Each structure stands twice: as C-alpha cells, then as structure tokens.
Amino acid sequence: MERLNLKHKLGDKWISTLASIWIQCTSGSLYTFSIYSPILKSTQRYDQSTLDTVSVFKDIGANCGVLSGLLYTFATPSNRRNAYFGGPCLVLAAGAIQCFMGYFLIWASVVGLIPRPPVVGMCFFVLLAAHAQTFFNTANVVTAVRNFPDYSGTAVGIMKGFVGLSGAILIQFYETIFHNEPTSYLLVLALLPTINPLLLMWFVRIYDTKEQEEKKLLNAISCVALLLAAYLMAVIIVDHLFTFQLLVRIAIFVVLLLLLSSPLCIVPNLRAREKDSSVIHQSLISEGQRFDQEMEVHDTRDSLEEDKLNLLQAMGSVNFWILFFAMACGMGSGLATVNNLGQIGESLGYSSFETNTLVSLWSIWNFLGRFGAGYVSDHFLYVKGWARPLFMVLTLSSMSVGHAVIASGMPGALYAGSILVGVCYGSQWSLMPTIASEIFGVKHMGTIFNAITIASPVGSYIFSVRVVGFIYDKEAWGSGCSGTHCFMLSFLIMASATLLGSLAALALFFHTKNFYNQVILRRLLHSLRE
C-alpha cells in the first residue's frame with residue numbers, strides 16, 4: 001500500500017510540473033505586443049509617443065508582482081501536506097481573471113464595442129493584462145521551488161525558460177491561424193491564456209515528497225525544452241528566408257504541439273523504472289529528519305534569521321538591496337537593448353530582414369539564459385561547490401562584454417553582442433528568484449523576488465529614456481541618425497553599469513559565503529545517504 005501511495009505522489013508531482021509548464025507556454029502574451037500594436041495605434045489614433053507610453057505600462061504591469069506574492073503567501077497553508085486546497089490554484093485564478101479583463105477590454109476598444117477610452121484607460125487595460133503574467137509566474141515558479149527544493153535552480157530555469165519561449169509559441173499560433181488578423185488575435189489573447197490556466201490550475205499543487213527520480217525527471221524536461229528551443233529557432237530562421245504556405249504552417253504548428261505534449265511519455269517510463277528500484281524506507285526518512293535537525297544547530301545565526309524574513313524585513317537587509325541594484329543594472333540594460341535592437345540595426349545599415357531576425361531570435365537567447373543559468377548553477381553548486389551568486393557575477397560581467405561589443409560597431413558586432421546580452425539577460429531571471437529563495441527562504445519567496453523584479457522597469461527607464469533615448473536624440477540629425485556614434489556612448493555606459501552590477505554581485509557572493517557553505521554541505525550529505 002505504501003509503495004502504491006509513493007507512486008501516486010510521484011505522479012502528482014509530475015502532473016503538477018507539467019501543468020505549470022503548459023500554463024507558462026501561454027503566459028508570455030506581452031512579448032507579442034508588436035503584433036497588435038499597429039492596430040491599436042491606428043484605431044485609437046495614437047502617435048508614436050502615446051503608443052510608447054502605453055507600452056511602458058505593459059512593462060510596469062509585467063514586473064510589479066508583489067500582489068501576486070502576497071496572495072500566494074496568504075493562500076498557501078504553512079502545512080505543505082494540506083496545500084492541495086489552496087495556494088497556487090487561487091493565484092492562477094486571479095491571474096486568469098486579470099488576463100481576460102485586460103485583453104477583452106483592449107479588444108472591445110479596437111473593434112468599437114465600447115467607446116474609445118482615454119489614454120489613461122488604455123494604459124490601465126494594458127497594465128491589467130500584463131499584470132496577469134506575474135500571477136502565473138509566481139504560482140508556477142514558487143510551487144516548482146517548493147516541490148523540488150534540492151534542484152531549485154533547475155526548476156526555476158525550466159519555468160522561466162518556458163515563459164521565455166511562450167512569445168515564440170504564440171507567434172507561431174498567430175501566424176498559423178490568424179495571420180494578418182491582429183484584431184482576432186486580441187480576442188484569442190483574452191481567451192487562450194485565460195482558459196488554459198483555469199483548466200490546469202487544479203493540478204498545480206505543493207507536494208512534500210522527495211523521490212530518487214526527481215533529477216531524471218527534470219533532466220527529461222530539460223531535454224524537451226532544449227529540443228523545443230532548437231525547433232523554434234530553426235523555424236524562425238527559415239521563416240525569414242522563405243514564405244511558408246498554409247499547409248506548411250499547419251504542419252509546423254502540429255509538430256510544435258507534439259513537442260509540447262511529449263513529456264507525457266515520460267510518466268509511464270518513469271513508473272516502469274520505479275518497479276525495479278527500491279522504495280524509500282521510513283527509517284531513511286527519519287534519518288533525514290534527524291540530519292536536518294542537526295544541521296539547523298550548525299547553521300549560522302544570520303542564515304536562520306534570513307530564512308524567516310518577510311518582505312519588509314528583507315528590505316531591511318543588505319542582501320536585498322545588493323540584488324536589487326545588480327538586477328537594475330542587468331535586467332534594465334538588457335531590456336533597453338532589446339527595445340532598441342531595430343533602431344540600432346537601422347543606424348548601422350542593417351536591412352529590415354536582418355534586424356527582424358535579430359528581434360525574433362532574442363526569445364531563443366533569452367530562453368537559453370533562463371534555462372541554462374538555473375541548470376548549470378545547480379550542477380556547479382552541488383558538484384563543484386560554487387555558490388550561486390558567483391554565476392550572477394559571471395553573467396553580468398559577460399553582459400558588460402556584450403554591450404561593449406555592440407558599442408564597437410564592427411561588422412557582425414550586433415549579432416554577437418545581442419546573443420551575449422540576450423543569454424546573460426535571461427540568466428538573471430532564473431538566478432535572482434533562486435538566490436532570493438535560498439537567502440530569504442521560500443515562505444515569502446513570491447513577495448520578495450517580485451519586489452526585486454521591480455528593478456527591471458526602473459533600470460529599463462533609466463537606460464532606455466535617460467541614456468539611450470537622450471543620447472540618440474542629441475546625436476540625430478533631422479529625422480534620424482546613422483553611424484556607430486548614435487549608440488556607442490549609450491552602450492559603453494551600459495557596459496560600465498553592468499560591470500558595476502557584477503561587482504555588487506561579487507559583494508553578495510562574499511557576504512553570503514558562509515551561508516552557501518552550509519547549503520553545499522547539507523546537499524552533499526543528503527546525496528550521500530541517497
């Protein structure tokens with residue numbers, strides 16, 4: 001009976017993970033803003049400045065997720081064994097409601113179902129739609145961390161990686177079914193990202209089980225994610241070289257759906273292997289509990305106190321503001337880069353085909369960073385003993401090099417620099433939540449990492465408006481600017497800022513060194529008794 005119950009629990013945890021992944025695949029609708037922004041601009045009679053203002057509220061809504069974190073903490077019971085009756089389900093439902101209301105009101109404004117709203121009203125609609133993503137992200141990311149505490153970096157990387165790919169997935173959906181019909185696509189955004197979480201949210205749960213097959217399960221999902229990213233990258237490149245017929249697009253989309261559903265094949269194989277493996281005995285569980293109690297005695301006072309911090313207490317710690325500053329430099333400069341890729345390419349003489357390809361491939365580099373940083377940092381943390389903040393130092397330093405490469409204006413520099421910046425930018429989205437959960441604990445993780453995420457729009461505003469925009473306008477002659485001088489100084493400033501952010505991350509590395517030594521020792525002894 002105990003053996004059957006263990007299998008049932010493993011299946012539940014797996015189904016919960018798979019449901020979260022599928023929700024993430026439709027959560028990145030804000031990444032497709034460029035599809036419906038022209039119809040929004042024409043029907044609402046906006047100029048470019050007004051449309052940019054609306055876009056800013058999209059970024060604000062997508063990066064201010066403190067409310068989702070508070071709801072998750074409030075709705076999730078402290079006893080994880082009873083977590084089936086609350087928590088993630090409620091947060092996902094709240095996100096689905098916001099998503100429907102936001103996009104439905106945008107669609108109703110575009111088709112004339114409601115009177116043309118003032119700009120403030122449209123900004124609120126867009127903010128509401130984008131704010132839904134923070135609820136989907138919080139529910140899925142925090143639940144993944146709590147379900148896989150020993151592989152939190154990999155779990156966060158997978159969840160963040162799939163939301164990074166969701167923009168490319170939704171674009172393929174649009175190109176296949178609603179090509180050149182952005183109005184209909186807006187209605188789909190009101191329905192698909194709403195219905196999908198409402199159907200799957202019942203399976204997203206927290207399970208207090210630790211199984212020997214967890215690493216194999218996560219590795220299998222990782223292989224599917226990498227295969228999906230490679231497939232999408234190939235489709236994007238070929239799509240820019242040739243014009244696909246409808247039947248070809250349908251075939252491409254069917255293969256995409258098969259790849260997304262392929263993890264379902266892992267469950268029976270995993271259970272088949274379990275029949276030949278031994279069951280985790282109660283004595284081993286008791287040994288693990290005694291070990292945890294002994295380790296708690298040896299933990300430093302700082303780590304014990306920080307594990308209990310809520311948002312206000314975390315904001316009173318040095319570690320919180322070091323993370324915030326590092327993310328403002330990294331995420332902010334990364335957003336400024338992607339927001340200006342088209343204009344940079346134009347000023348350097350790139351064709352529209354080349355710049356469009358660069359923008360389309362950004363989601364792939366973003367995914368590789370999100371997934372890779374989580375997986376690689378987990379490996380080196382537990383195999384080599386490298387503390388996770390060290391990877392933040394390395395990625396921010398590499399991002400600084402990427403900005404400097406773009407600033408050089410050499411042939412091919414925009415390609416190489418955008419790849420480096422894109423991968424390193426994506427890395428911050430998996431490293432920061434994982435580090436926050438380890439330093440401050442998982443109890444208030446949703447609130448704390450969402451508060452740190454606010455650094456992204458803050459940094460984006462500083463770099464996009466006060467640096468890139470200001471210098472570009474100063475260098476421009478007439479209606480535009482041509483040459484390396486248009487963005488050289490801006491990217492040298494951003495290279496310096498990200499280098500400064502890497503130094504802040506280095507300070508975090510030294511400040512948390514004793515804590516991470518305990519984490520490494522705990523995981524090492526845990527693996528020995530497995």
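Placed from the backbone N, Cα and C atoms, the Cβ positions cover glycine too.
Because TrEMBL annotations are produced automatically, they should be read as predictions rather than curated entries.
Listed in TrEMBL for this protein:
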- 318-530: domain 'Major facilitator superfamily (MFS) profile' (DOMAIN)
- 21-40: transmembrane segment (TRANSMEM)
- 89-113: transmembrane segment (TRANSMEM)
- 119-139: transmembrane segment (TRANSMEM)
- 151-173: transmembrane segment (TRANSMEM)
- 185-205: transmembrane segment (TRANSMEM)
- 217-238: transmembrane segment (TRANSMEM)
- 244-267: transmembrane segment (TRANSMEM)
- 318-338: transmembrane segment (TRANSMEM)
- 413-436: transmembrane segment (TRANSMEM)
- 448-472: transmembrane segment (TRANSMEM)
- 487-510: transmembrane segment (TRANSMEM)
Sort out the residues at least 6 away from either end of the transmembrane segment (217-238), same chain, that have Cβ-Cβ distances under 8 Å to it, and list them.
14, 17, 21, 148, 151, 154-155, 158, 161-162, 165, 168-169, 172, 252, 255-256, 259-260, 262-263, 266, 270, 357, 360-361, 363-364, 367-368, 371, 375
Candidates 89-113, 119-139, 151-173, 448-472; stretch with most C-beta pairs under 8 Å toward the transmembrane segment (21-40):
151-173
For the transmembrane segment (119-139), which stretch among 89-113, 151-173, 185-205, 244-267 has the most Cβ pairs under 8 A?
89-113
Where does the mean pLDDT land for the domain 'Major facilitator superfamily (MFS) profile' (318-530)?
88
